[in-house]
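Straight from Swiss-Prot, the features:
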COMPBIAS  401-415  compositional bias 'Polar residues'
COMPBIAS  469-478  compositional bias 'Basic residues'
DISULFID  Cys91-Cys169  disulfide bond
MOD_RES   Lys287  N6-(retinylidene)lysine
REGION    390-420  region 'Disordered'
REGION    465-502  region 'Disordered'
TOPO_DOM  1-19  topological domain 'Extracellular'
TOPO_DOM  41-56  topological domain 'Cytoplasmic'
TOPO_DOM  78-93  topological domain 'Extracellular'
TOPO_DOM  115-136  topological domain 'Cytoplasmic'
TOPO_DOM  158-189  topological domain 'Extracellular'
TOPO_DOM  211-244  topological domain 'Cytoplasmic'
TOPO_DOM  266-279  topological domain 'Extracellular'
TOPO_DOM  301-615  topological domain 'Cytoplasmic'
TRANSMEM  20-40  transmembrane segment
TRANSMEM  57-77  transmembrane segment
TRANSMEM  94-114  transmembrane segment
TRANSMEM  137-157  transmembrane segment
TRANSMEM  190-210  transmembrane segment
TRANSMEM  245-265  transmembrane segment
TRANSMEM  280-300  transmembrane segment
Amino acid sequence: MDMDRGFYRKVDVPDHAHYVIAFFVLIIGVVGVTGNALVMYAFLCNKKLRTPPNYFIMNLAVSDFLMAITQSPIFFINSLFKEWIFGETGCRMYAFCGALFGITSMINLLAISLDRYIVITKPPQAIRWVSGRRTMVVILLVWLYSLAWSLAPLLGWSSYIPEGLMTSCTWDYVTSTPANKGYTLMLCCFVFFIPLGIISYCYLCMFLAIRSAGREIERLGTQVRKSTLMQQQTIKTEWKLTKVAFVVIIVYVHSWSPYACVTLIAWAGYGSHLSPYSKAVPAVIAKASAIYNPFIYAIIHSKYRDTLAEHVPCLYFLRQPPRKVSMSRAQSECSFRDSMVSRQSSASKTKFHRVSSTSTADTQVWSDVELDPMNHEGQSLRTSHSLGVLGRSKEHRGPPAQQNRQTRSSDTLEQATVADWRPPLTALRCDRNFLPQPTHPPYKMAAATPLQATTVDNVTPEHWNKHPNNNHKNHNNRHNGNNNNEEHEYSGKGGRHCQNHPHHIDVKNSISNCKKTCEKDTFSKEPVPCNAADDVRFSPRSAHTIQHAMGTPFRYMPEGDIACQERLSTDRSQRGDPLPDSKSLNCTGDVPVSAQRCSFPHETSRNLEESFMAL
């Protein structure tokens, strides 16, 4: 054995130095193994946590768990013996595992940052890139990349030797040979500094995007009265998800920065100035990176805390106190919020307006970074990609029939029945985690692509009967005529002529242009005001086309009305099972023939259609 390489050699330091190191290593091992095991256990117990963005969290927990369980016991035993006792082969395996799991954690954090970057700054691209299959492919590439760097010293590019107090092993960054210096430089660049630069760039762009979105809301002011609540909520959510991932990455970088600095000092030729303590302490700090993430989740991630409190009795104190539940259960995370969002004060009376708005809250993204699954309460829809909603500040104004239904007193609203008050329909699988939005300025839309959609909640069977254009049979007949290219159905008086009007895609001039009138079309015999053409919905054919093109992420119910939708089991809907037709829902005579189909909610319909046409 080459004694100069350090095997079996003791370092002349006081014994208590080894014992202090052993104590901290023991703490790191116990906390790292237990904490990351709880993270994995929580994700295995709660199916709703198993979303694609959360796969990165699971992968990070796995790598941290393996880091703690393979490094801490051996490090602890060697510290008690005050030397390396497992031989050269053991040193190589120990160092290989440390390099593999440490690099995996770093590159996994890079993947998390890129995921968050795409979600927040490029929503149209996110709809195509963020999926379970792609996430698994990215995770596989992360492990292969880490494996390549970890195998290099075993194959002759550098080597693994004891370090510090000779109780731990790593690659040889001290010996000044071309192979060792080349490996050290390349490893620091491609595993630490370049990923760190990319991570910093991603978070800078996310911060600027979120800040710009907030300023846009302030600038628009009252022009976005009906959508301000949704926009503010989604911006807060995206920022909270970003902060969760940012905290994880900052802690990890601080853990490995001292170690990277020590290796670069040795690479520069000043290794002789490094004492055994200056080599051992950074190594211990680096291995401690495996214990921080469980604490971050326990503090920030409410669903993680609730899951552990439910399945681990001794952790009951992690459960959140119950929240007050409003009529629409608006406090539930990752769900459609059906709430009273705007109160208009006037000299004569106060009006309440119901609008369907998308609500998300603290999670995954986890995400994720997504970090937040579907909620048990109410109809659910994950919406992480929502900053683009700022591109649509135009206030939605429905036809008079809908506006009349929106004006109620507060007492009447509290006593709303199924016929009068209905939650918005669920049209997406929650585990897909996207509500795509266009960037600003908006991209050019294809022909026959309306940018508005109706809020189906307020449409009664009587409203359907008053508007023949809404009749399902009439719509199919129009498809059989000269308008076979028409992919959409209108629930108001409007026609397809208004869909290409500038006010639909021009945010700045939307208010003024809405006062103009649109030209005549085959559906309307007279000029139609723009605000009467804001009620566009998917036809069954269009919906199924989107369903096929997007890989079946949508759930569309061709038959049955809103009453049928209400009778869906929340558990069945959350599992992503196909929605049944009206017969299997035991719908009775309260289902009018003229309402034999359900449609997407207002914002969901509009945004999904835009993203589909942009593909």
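Glycine too: its Cβ is placed from the backbone N, Cα and C atoms.
According to DSSP, the residue listed as 'N6-(retinylidene)lysine' is assigned to a helical segment. With helix defined as DSSP H, G or I and strand as E or B, the topological domain 'Extracellular' (266-279) counts 12 helix, 0 strand, 2 coil. Neighbour list (the residue listed as 'N6-(retinylidene)lysine', Cβ cut-off 8 Å, at least 6 residues apart, same chain): Val25, Ile28, Met67, Ala68, Gln71, Ser72, Phe75, Gly98. Of the ranges 94-114, 137-157, 245-265, 280-300, the one with the most Cβ pairs under 8 Å to the transmembrane segment (190-210) is 94-114. DSSP assigns Cys169 (disulfide bond) to a strand in the three-state reduction. Note on the topological domain 'Extracellular' (158-189): residues 5-7, 9-11, 13, 17-18, 21, 71, 75, 78-79, 81-84, 91-92, 94-96, 98-99, 149, 152, 260, 262-264, 266-267, 269, 271, 274, 276-277, 279-281, 283 of its chain, located 6 or more positions outside it, place their CB under 8 angstroms from a CB of the stretch. Ranked by how many other Cβ atoms sit within 10 Å of their Cβ, the disulfide-bonded residues Cys91, Cys169 place Cys91 at the bottom.
Each of 20-40, 94-114, 137-157 was scored by its Cβ pairs under 8 Å to the transmembrane segment (280-300), and the highest score goes to 20-40. Here the transmembrane segment (94-114) has long-range neighbours at 56, 59-60, 63-64, 66-67, 70-71, 74, 86, 138-139, 142-143, 145-147, 149-151, 153-154, 160-161, 168-171, 191-192, 195, 198-199, 202-203, 245, 248-249, 252, 256, 286-287, 289-290, 366, 368-369, meaning same-chain residues at least 6 beyond its ends whose C-beta is under 8 angstroms from one of its own. With helix defined as DSSP H, G or I and strand as E or B, the topological domain 'Cytoplasmic' (115-136) counts 19 helix, 0 strand, 3 coil.
Counting same-chain residues at least six beyond the ends of the transmembrane segment (20-40), those with a Cβ under 8 angstroms from any Cβ of the stretch are 57-58, 61-62, 64-65, 67-69, 71-73, 75-76, 79-80, 165, 167, 280, 284, 287-288, 290-291, 293-295, 297, 304, 308, 312, 315.
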